[in-house]
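Look at TrEMBL and you will find 43-294 tagged as domain 'G-protein coupled receptors family 1 profile'. Here TrEMBL flags 27-52, 64-88, 100-122, 143-165, 199-223, 244-267, 273-293 as transmembrane segment.
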Amino acid sequence: MLVLNNTGAQLLTFLLTGIPGLRGVQAWISIPLCVLYVIALSGNSMILFVVLREQSLHETMYYFLSMLSATDLSLSLCTLSTTLGVFWFEAREISLNACIAQMFFLHTFTFMESGVLLAMAFDRFVAICDPLRYTVILTNARIAQIGVSMLIRNVAVMLPVVLFVRRLSFCSSVVLSHSYCYHVDLIQLSCTDNRINSILGLFALFSTTGFDCPCILLSYVLIIQSVLNITSSEGRWKAFNTCISHISAVAIFYIPLISLSLVHRYGHSAPPFVHTIMANIFLLIPPVLNPIIYSVKTKQIRKAIGKVLIQKQLQI
């Protein structure tokens, strides 16, 4: 078998995989998959549009929501071409350079989503625990600093990962386990020692989601303590109700992520299609559900979307 290193990258082709064992029905499975992509792209684009357009939504909470929508939109676009290409046209081939680029953006935006959820938890913490200083602490400049720092953090942890993947040697015509390029999947196909790559991947994971998740939990412990100190039951419910959308967003991001990790770690006896379906669900559920949750639970977003849709109908 031919072994190629980074100098022969242009000759090396990976083969993406649809759903193992269900190749005959992949065309049918692609229909709901395509619907989910349409919902994710249109929903997050609508959230971004109304937040940018409506002056009443130019507030801290909605700035963070627009960051979440931009991240979800980017995450969906990362896998759209290869996933639908595999399911619709059997276009399974991808070059090493394209694979590494997709892997970089996929993981960067996944870590970005975790960081945005942490920033939104901090926003809820300040709003409930220190409301009098809310506008002083979360200024527009500080929100921009938070967004830029998260982006720098995620790019910084992923650059070494990418550079060391480039140093690996691969066997030609290797088959990946998903319809997109995933770091663990990619390095397992190398013909050389990949221990450094595994260590860098774990460091990237623990320094992003591994840091963000405990901080989010800590913020909600403090929020619950503050809410319980409110004397009236109506006040407690009103305060906690402002967190429900964010709690839902955290749940639909971390629960599939943890479930996928457990399946990869302990589900060796599970059929291969289970791993593939869960991997696609992990990437699609947050972008699909986040705009729906915030549109349903947030009155201002709902009114802004209704206003935009009414104006478009009047123009027609």
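Even glycines carry a Cβ here, placed using N, Cα and C.
Sequence-distant neighbours of the transmembrane segment (199-223) (same chain, 6+ residues past either end, Cβ-Cβ under 8 Å): 107, 110-111, 114-115, 117-118, 121-122, 124-125, 128-129, 153-154, 157-158, 160-161, 164, 183-184, 187, 240, 243, 247, 250, 254, 257. Here the transmembrane segment (244-267) has Cβ contacts under 8 Å with residues 68, 113-114, 117, 120-121, 124, 184, 209, 213, 216, 220, 274-275, 278-279, 281-282, 285-286, 289-290, 293-294, 297-298 of the same chain, all six or more residues outside its ends. In this model, the domain 'G-protein coupled receptors family 1 profile' (43-294) carries an average pLDDT of 90.
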